[in-house]
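**Student:** Before I ask anything, here is the structure I am working with.
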Amino acid sequence: MGFYMLLTVALLLTSLMNVEATPVDQAERSALEKSGLGNRIQPRYDNCGDAEADCYQSKCMDGETYDEECEASCNYVVANCI
């Protein structure tokens with residue numbers, strides 16, 4: 001059992017040592033973000049705090065008092081802040 005643990009650790013360390021990290025300059029990073037490759041982190045917009053406050057207020061949580069203002073702020077939160 002100990003032999004297999006040692007073998008697993010040795011293989012993991014060997015595989016980690018073979019990974020080469022190359023630096024990416026800002027131009028390449030921008031091109032990757034525009035092309036959609038990889039995971040993009042969406043920017044958090046300035047209006048998110050206000051829109052979230054409007055969307056999560058009590059009148060927007062109640063189906064009877066939910067209005068167009070609630071819908072607009074909640075749609076903004078879903079599209080731009082989450």
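Every residue, even glycine, has its Cβ placed from backbone N, Cα and C.
Not my notes, these are from Swiss-Prot:
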type     : residues : note
DISULFID : C48-C70  : disulfide bond
DISULFID : C55-C74  : disulfide bond
DISULFID : C60-C81  : disulfide bond
SIGNAL   : 1-21     : signal peptide
**Student:** Here's one to test understanding: among the disulfide-bonded residues C48, C70, C81, whose C-alpha is closest in space to the C-alpha of C55 (disulfide bond)?
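**Tutor:** Nearest listed residue in space: C70.
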**Student:** Could you round the CA separation between C81 (disulfide bond) and C70 (disulfide bond) to a whole angstrom and send it over?
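**Tutor:** Cα of C81 (disulfide bond) to Cα of C70 (disulfide bond) measures 15 Å after rounding.
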**Student:** Applying a 10 Å Cβ distance cut-off over all chains shown, what neighbour count does C70 (disulfide bond) have?
**Tutor:** 18
**Student:** What does DSSP assign C81 (disulfide bond), in three states?
**Tutor:** coil
**Student:** What does the structure give for the C-alpha distance between C74 (disulfide bond) and C60 (disulfide bond)? Integer Å is fine.
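**Tutor:** Per the Cα atoms, C74 (disulfide bond) and C60 (disulfide bond) stand 9 Å apart.
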**Student:** C-alpha of C70 (disulfide bond) to C-alpha of C60 (disulfide bond): distance in Å?
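**Tutor:** C70 (disulfide bond) and C60 (disulfide bond) have their Cα atoms 5 Å apart.
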